Amino acid sequence: MDLIQLAGKNIVVMGVANERSIAWGVAKRLMEVGANVIFTYRKERSKGKIEKLLADYEAYKTAVVECDVNSDESIAKAFEEIGAAFGTIHGIVHSVAFAHAEDLKNRFVETTREGYAFAQDTSAYSLVAVSKAAKPYLSEDASIVTMSYLGADRVLDGYNVMGVAKAALEAAMRYLAADLGTDGIRVNAISAGAIRTLAAKGVPSFNQILNKIGETAPLKRNTNQEEVADMTIVMLSRLSRGVTGETIYVDSGYNIMG
Ligand code: NAD
């Protein structure tokens with residue numbers, strides 16, 4: 001019995017920059033279970049990286065579409081293109097965030113109005129903007145999953161403006177879940193543990209964070225791309241059909257510790 005039922009489904013995966021990206025882990029798993037994956041990218045460099053990675057997946061139905069989440073025009077164009085090519089969208093993986101490096105390095109009190117707004121726009125409002133543009137194409141059992149981090153709930157050294165953006169992202173996720181639930185659409189967040197990716201490079205003292213989690217987490221180790229990908233598959237699939245508006249931690253249990 002196929003409990004997942006993602007074969008032949010059209011899933012949009014946003015945020016693959018390279019093979020280390022959390023979104024790439026999800027995309028690999030999605031292709032393995034037979035889903036069609038539509039990748040979106042912001043930079044030409046990422047497009048090249050995605051196309052290179054897809055060289056090993058030629059037998060799969062995929063597409064690569066430009067989408068800068070800071071631009072309503074770019075988002076609208078991307079989803080019109082995806083809608084025209086694929087018709088229905090069954091799921092979206094929103095794995096996108098960005099803040100200015102100085103807003104992570106400086107004292108939090110130094111955060112500028114522009115830096116605050118930029119982090120919110122890219123990392124939190126983008127989930128609303130994407131859901132809105134995708135809405136006409138979403139199936140009546142569609143599932144949207146976004147990636148968050150513990151910095152949404154706790155003050156974590158060096159996470160600063162991004163922690164505030166993740167708090168807004170999780171709240172936006174809940175409001176979207178309440179709103180889109182009337183259409184049968186589910187919206188959830190996965191709060192991933194620390195994983196060494198391009199985005200993580202911007203977080204000062206990342207190595208210390210990894211060490212602390214490895215020592216403190218109930219499982220006494222860090223999580224990885226595969227574990228986050230597997231839970232994302234669950235949240236996209238019918239296995240989680242009774243779950244919406246939740247933040248699911250995939251962090252070796254670190255968040256429960258004092
Ligand atoms: P990553 O750098 O591989 O992915 C971030 C992606 O965001 C990149 O592909 C980048 O191109 C994209 N992006 C940034 N601005 C954009 C824009 N304006 N338009 C479109 N795309 C844009 O790093 P990652 O760690 O895989 O991050 C993915 C998500 O997971 C992020 O939301 C991040 O905050 C979250 N997360 C990461 C960790 C970690 O430790 N790596 C932990 C928890 C949550």
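Cβ atoms here come from the backbone N, Cα and C positions, even for glycine.
For Tyr149 (among others), the entry in TrEMBL reads active site, proton acceptor. DSSP assigns Tyr149 (active site, proton acceptor) to coil in the three-state reduction, placing it in neither a helix nor a strand.
Look at TrEMBL and you will find Tyr159 (among others) tagged as active site, proton acceptor. Neighbour density for Tyr159 (active site, proton acceptor): within 10 A of its CB lie 23 other CB atoms from the protein chains shown.
Non-local contacts of Lys166 (NAD(+) binding site) by the CB criterion (under 8 A, 6+ apart in sequence, same chain) comprise Ala97, Ser123, Ala124, Ser148, Tyr149, Gly151, Ala152. A helical conformation is recorded for Lys166 (NAD(+) binding site) in the three-state DSSP classification. Taken from TrEMBL, the feature NAD(+) binding site covers Gly15, Ser21, Ile22, Asp68, Val69, Val96, Lys166, Ile195, Arg196, Thr197, Leu198, Ala199.
Here TrEMBL flags Ala99 as substrate binding site. Taken residue by residue with DSSP, Ala99 (substrate binding site) is part of neither helix nor strand, so it is coil.
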When neighbour density is defined as the number of other C-beta atoms within 10 angstroms of a residue's C-beta, which of the binding-site residues Val69, Leu198 has the lowest density?
Leu198
Suppose we draw a 10 Å sphere around the Cβ of Gly15 (NAD(+) binding site). How many other Cβ atoms does it contain, all chains included?
27
Hey, how far is Ala99 (substrate binding site) from Tyr159 (active site, proton acceptor), Cα to Cα, in Å?
10
